[in-house]
Amino acid sequence: MSAKDTGHVNGAFNGTEVSLDIPTNTLYHTSRDCIVQQEEEPIKSRSWTDSCRRACDNIFRMKTLQKRFPIFVWLPQYKKDYIFGDIVAGISVALTVIPQALAYAGIAGLDLQYGLYACFLGCFIYIFIGSSKDVPIGPTAISALLSFQIAGGSWQMATLLTFLTGLIEILMGIFRLGFLIDFVSGPVGAGFTSAVSLIIFSSQMKDLLGIHTSGNTFLQVWISIINDIHNISWPDFVLGLICIVLLLSLRALASCSVGPKQGKSTCQTLLTGIFWTVGTARNALLVCGTAGLGYWLSVSGNEELVRTVGFVPKGLPEFRPPPFHMDAVYNETTGELVSDAQSFWDMVSTLGSGLIVVPLIALLETMAVVQAFADGKPTDATQELIASGICNVANSFVQGLRSNGGVARGAILNASGVRTQLSNLYTGVIVIIALLYLTPCFYYIPKAALAAIIIAAVVFMVQYRVIKPMWHSKKTDLIPGLGAFFACLVLPLQLGILVGIGINVIFILYQAARPKLRIETLSTPEGERYLMLTPDRCLIFPSMEFVRKVINKQGVKSTLPVVIDCSHIYGADFTAAKVISMMVMDFAQRQQPLFFYNLQSRVAQVFEGLNKDLVAIYDISTLHAKLAEKTPT
C-alpha cells in the first residue's frame, strides 16, 4: 500500500469575483489525496537497523528535502528579473498588513502591537518552507475573531493559543491529516464565513459609534449596542462613515483601467498603474491621513473630539517562550483579586475545542489562497500545514497573534507581480521598521478609522451569492449552510462550525444508511424472467438492515429469481457479511434462487467468510444458464 500526497484543493470560503479585499474561490472541493493499491512482492523481514537506515535515507534524499524546503527548488532558479516583482509585491503587502494588523489586534481584544508582532518572524520562516509564492503570513479577520472568542482578550492565552495550534498543525502535517478539511463542505464554509463577517462588523460598532459593548456572540453584542446607543459619539460616527466611503471608492479605483485592454499608450498605462497603486495602498493612505487629522486635533486642543488608539510600545518584542501559566492579578489600588492564577492545564482547558477548530479554519483559509492562484499546478496541503505550524510556533516566542495565509493579501501579492516567496522578506523588514520608528505616530490614529478598515473589508465576505446556485443545484445543501450560519451567530464560533460539520456528517451517514437500489424485471433470451436489484454503493453496517428488508420484500412480492448486481459494491464489512448470510438462508428457506452478479473478489472473500453457499457469477451466459435450471442453489 502506498500513499501519494498531492495536496488538498478545498474552497470553503468562496466568493464570486476576484477582489483585493474579499476571499475568492472559497468553496472547497474534495481532497486530491488518494491511496493506490499495488501488488507488492513479499518483503523479507528486516532488522531494526535496516529499517532505521532506510527511513533516514528517505528523509534526507534530495526529493524529500526539496518538498519540505521548497527554497531548494526556487532559489537556484532565481533571476535578477524577479527582484523588482518581489520588492513591489512585498511593499504592497506591507502597506496593507500594517494597518490591518493594528485593526485585527483590536478584534482579538489585544493591544495593537500584538498584531504587528505576528507580521515579521513568520514571514521570514515562510521563505524557507512555504510552498506557495502567493501566501502572505499574517493575522486575518477570522483568526483574530477566533482568538478573541477562545482566548478572551488575554495576551497570555492568545500567545499560548498561537503556540499550541502551531504544534497541532505540525502534527497534522506529519500524519497527513489535511483531508480533515474535506469535512467542511462548501455550504458550511459559506455559512461560517458569512456569520464571521457579521460578527466582526458588529464588534466594530463600539469604535464606529464611540460606545461601550460587551459579549462574544452576535446577539450579545447587539443587545449591548442597543443598550448603549444613546451614548453615541457623533464625531467618531461621521469620521467612520467618511472613511468607509473613501475605502470603498478607492477599492473600486484599483480595478479602473484607462484606455483599451490592449495597446495602451504610455500615459494610459501610467494612469492605470497610479489608480491600482492608490487603490491597493488605500488602508495605509487612510491611516496616514487620519493620523494626521488626529495629530492636528491634539495640537489644537481638540483631542477629545475623536478617540484615538493611544500609546503603542516602540521596538521589537522580547524573544521568549510563550507563557505556560498565569499569575494572579490584583488591583493595585484596592488590592482586590482581578483574576485567579492559572496553571498550564487550566489554560489548555480554557482554550478547549478551539485548539482543533483554529488549525482547521487556518488550513481552509491558507488553501483558499493556494488554490486561487495555483494556475493548475498541484498543491501540497501537508507542507502548508507544516509551514503554518512552524511559523505560528515561532510567532508565539515574540508574543504574536495567530497567523496564516489571507486571501485578500494573497490577491495583492499576485496582482503585484510576485515571483517567489522572497517577497515575504521585504514585508517583514518593513514591519520591523514600523515597529522601530513609526509606533509614536500610531498614537494619533482614530479608532473609527481602524473600524472603517475592517468594516470595508468584511462586508464583502458575506456569501449571499452562493444561495441561488445552491438552490438550483441541490436544495438540501442549504440546510448545513444555514445551520452553520445561525449556529455561529448564536454560539461561539468554534462550536458553531462544529454544528455545521455535525449536520453535514448526519447527511453523509443518512446517505450511507439508505443506499438507492435500482429494481428491474428482466428476461433471458429463453424468456425466463428474473428480478435484478442494483445497489449504488458499498455495503457497510448502517445500511445492511435497510438493504436486506428491501431485497426480501421484493423477493417475496415477485417470487421470481433474484439477481443482485454487485458492480457498484467495492467494499463490505463483517456486519454486511452477516446480513448477507442471513439473506441467503432466507431465500433458501423460500426455495427462491438468489445470485450475486459481478461480485468483486475482495468483497466475495468477506461474504464467504460467513456463508459458503452464496453463488457468485461473473458472466451473463452463466447467469442465464443458472436461471434456466429453475432450482434453488
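Yeah, the Cβs are placed from backbone N, Cα and C, and that goes for glycine too.
Quick look at what TrEMBL annotates:
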- 84-478: domain 'SLC26A/SulP transporter' (DOMAIN)
- 526-611: domain 'STAS' (DOMAIN)
- 82-106: transmembrane segment (TRANSMEM)
- 112-129: transmembrane segment (TRANSMEM)
- 141-168: transmembrane segment (TRANSMEM)
- 174-201: transmembrane segment (TRANSMEM)
- 208-225: transmembrane segment (TRANSMEM)
- 237-258: transmembrane segment (TRANSMEM)
- 344-364: transmembrane segment (TRANSMEM)
- 425-445: transmembrane segment (TRANSMEM)
- 451-467: transmembrane segment (TRANSMEM)
- 479-510: transmembrane segment (TRANSMEM)
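The transmembrane segment (344-364) is in contact with the transmembrane segment (141-168), judged by 3+ CB-CB distances under 8 Å for residue pairs 6 or more apart in sequence.
Relative to the transmembrane segment (208-225), the listed stretch 479-510 leads the set 141-168, 237-258, 425-445, 479-510 in CB pairs under 8 A.
Taking every listed stretch (112-129, 425-445, 479-510) in turn, the largest tally of C-beta pairs under 8 A with the transmembrane segment (141-168) is reached by 479-510. When each of the listed stretches 112-129, 425-445, 451-467 is scored by C-beta pairs under 8 angstroms to the transmembrane segment (174-201), 451-467 comes out highest. Beyond the ends of the transmembrane segment (479-510), by six or more residues, the same chain brings 145-146, 149-150, 183-185, 187-188, 190-192, 194-196, 198-199, 216-219, 352-354, 357-358, 361, 466, 470, 542 to within a C-beta distance below 8 angstroms of the stretch. In this chain, the transmembrane segment (82-106) lies in contact with the transmembrane segment (112-129); the count of Cβ pairs under 8 Å, excluding pairs fewer than 6 apart in sequence, is at least 3.
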